[in-house]
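Listed in Swiss-Prot:
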type	residues	note
TRANSMEM	7-27	transmembrane segment
TRANSMEM	270-290	transmembrane segment
DOMAIN	290-344	domain 'HAMP'
DOMAIN	349-419	domain 'PAS'
DOMAIN	421-473	domain 'PAC'
DOMAIN	674-886	domain 'Histidine kinase'
MOD_RES	H677	phosphohistidine
Amino acid sequence: MTLRRSILAFTGGMILVLALICSTFMCHMMMGTLSDLEEAYVHQKVDGTLFYLQEDLSSLKRAAEDWGHWNDTRDFVIGENDQYIQDNLNSWTLSGLDVDFMIYYDRSGNLFYSRAFNHATGEEVPAPGRLLSLAKDDPLIAHSSPEDGLTGIVSDPEGLLLVSSTTILDSHWKGPISGTFIVGRRLDGARAEGLARLSGIDLRMAATAPVGESEGTNSKTSLLIVKEDSDTLIATKTIDDVYGNPTVLLEAQVPREIRSRGLETIRRQVVGIFLASLLFGGLILLFLELSILMPLATITSSVEAIREQEKGQGSRIPTVGPAELATLAESINEMLDHLESYNQKLAMSEKRFRTIVDTAHDCIFIKDPKSRYVLVNPVMERIFQLPASKMLGERDEVFFSAETAARIREKDAGVLSGEPFVGEVSAHTRAGSSMTFHAVKVPLRDDRGQVTGICGIARDITDIKEAGVELLKRDRLLSASAAASYSLLVNYDIDQIIIDVLQLLGEAVEADRAYIFENQTVDGEVLMSQRYEWTKGEVEPQINNPVLQSLPYHPDSSTFYEIISRGRPYVGLVKDLPESERAYLAPQGIVSILIVPIFVEDRLWGFIGFDDCHRERFWSNGEISVLQVAAGSIGGAFIRSRTRADLVRAKGELQERIGEVEAKNAEMERFVYTVSHDLRSPLVTIQGFVGFLREDLSALDGDKIKIDLAMIEEAVLKMDHLLKDTLSLSRVGRVVNPPEEGSFGEIVHEALSQASGELRSRGIKVSLAEGWPRVRVDRLRVQEALTNLLDNSIKYMGDRPHPEIEVGWRPEGEETVFFVRDNGIGMDPDQWEKVFGLFYKIDPDSEGSGVGLAIVRRIIEVHGGRIWIESEEGRGTCVLFTLPTP
């Protein structure tokens, strides 16, 4: 677009925008005023409707007072005017008063008489039921003074009612109050239409809630105005009924006449303002075109014609327009004269220089003082894979990374100050490749000796440098592999040495992450899990990533598994891998990956992997070969570690078995001693009383014979209890039921059912926890343990006035702790461990054999749990234990 067109377009656009802004502002301001007028109009209409409604109620109140304060009405209510109904309560009377019903209540608040007519049909109809069953304290009939009265709206199931109630007095408006006179009109559709005609709007009135629901409320709402459509507004307002409750809804449809007329006026004014603005803008544009833009266009077209000529010799610009533009044309003509002479000299020099530049095998370039390329040769085009047209005028930031460009600018600054540069330059291109150049840069000077640019020659020595770097990397990798192999041979701590080996190898190959995965087979499916990992400080570790545990090879990594199972490395860029593999590699930030399989005894044990999370890297064959050797060393280390672990485990199991045998022998000795001692006591008792029995039989002493037999029977029963408890203890751990998974709460309820009789007889309150966890146990044994604990709590409850037992659970770390707590007699801390001993009793004279807690402990320990006591003498006992959960 030419300058002329740009100026015209810009100026015209600004004028148009200003016209639109003025029109919009005017429209917005007037629309706000129009909305206020429309709202005021709606308020006026609704207020008019309410005024007419109030006038209707006022006329009704006057009728009520005229009839209520009348001797005939008073005599009728007190039963002294039998002609009142015939003379006064007929259809033409009600029609003349414009009322639909009259209702009379006596001074006791009881309904005395009611009459209602349908004026359209002239027939008598029932009075509104809502007014025939008023409570005696209803404000309509409950009066505290002769002046009392209520006028308003009442909600009836059949519709709204206009009602006025007043006291019944004599014709002089004096008491006493003889009753209540209620007169009213139905606020039906016809009456609502009459109000609508008076106010000039469509009107609807209805109850907001069923009769009686709104009594007691005090809320009031203001007028709510909403738009139904573009032509109608809906105004709603809640009106208080005769009781002061907002139960009457008034809804009015108001035509938007003001809005229609106002919008038309606004449209006309906006169009007028817009057209006036356009006319003014057109005059401004015409002035610019004639005085400035047309002369400027003539000069511009002449310059363009000269530029398009092959050499532009002999062509000049006409001097037209104002003085400033004519002077500009003359200056341009002088410049053209100098330019023709300079071009001739430059053409010959350019031809010579171009021959040298185009045939050189090194990069040749020239930069201006701002380090912009003004000349590049074909070698630079080939290296950067860009045509010269894309390179000229650009700085080094376009071709190199920001860091490289900054270093080049620093060297260029020295050259521009007059100091030549000779040396190597390491560069990173924007495409991500690394290059090394041997560069020579010298300053370019003009005829006055001023530096006008930089001329440089650069030779690409990247291949030479990379070859040297690769040799150094291979030496470092071989050294790391040798050190890793040595460490794997001489160290036994396989877990720590593997981490050290991963660090050695990872640093040697300049990886960001090195790791080892181990395979395992579950239900015939081969899974892989990460076991070891080393990472650089800035790279996020993945050793705790649950996604990398028990990860199946199939189907997402089938190709990967097929490659490494053949002993081949898996290498590549993550972006080029299948989508199924990228799904879990990309979230780890991996860019390039190398996987080397680890075989143990000719079986794919797992693999060692190396990640580069910062660059797209292509692993060399030399690196892969060395890492394959290292993977073999790691596999051998795992074989040796497993062999050592098997030996240590076998030795440990042997020592454990020896310890178990020794412990069982010691336990057996204690058991035999205790059983022989406790069983001998009943036998001695039996033997002694058998002697007494012989003597008593000889003496034929019947009473003593009974005593002797009772003591012998008691000793036999004691021996039977001891034998049963001993047998039960011996079965724990030997007679085992299959473990079952279920709620621990079910086991608790089963144990409580066995002890329920004793609990009820002792009046013991039992509290149970909620949300019981699931356990996998021998249900019968655990139920037996709980029953013993409940029996102990009952037995040692003492004489507590409010005995209680609590059975519950709580999580503690990775364990689930169950407990049975009572508020019994408790025990000293020095008894906490003793009570689990065989046949041990705190009170030797108490019931039982002292085997119960020993059985409980044995049951818990057989399940792999532990049991302990928390107690204080006089403050109850809590037995706690753990059990395995699924």
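Cβ from N, Cα, C; glycine included.
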Tertiary contacts of the transmembrane segment (270-290), as residues 6+ beyond its ends and Cβ separation under 8 Å: 7-8, 11-12, 15-16, 18-20, 22-23, 26-27
Predicted model, mean pLDDT over the domain 'HAMP' (290-344): 71
For the domain 'PAC' (421-473), the number of residues DSSP places in helix, strand and coil: 12 helix, 31 strand, 10 coil
Number of helical, extended and coil residues in the domain 'PAS' (349-419), per DSSP: 40 helix, 10 strand, 21 coil
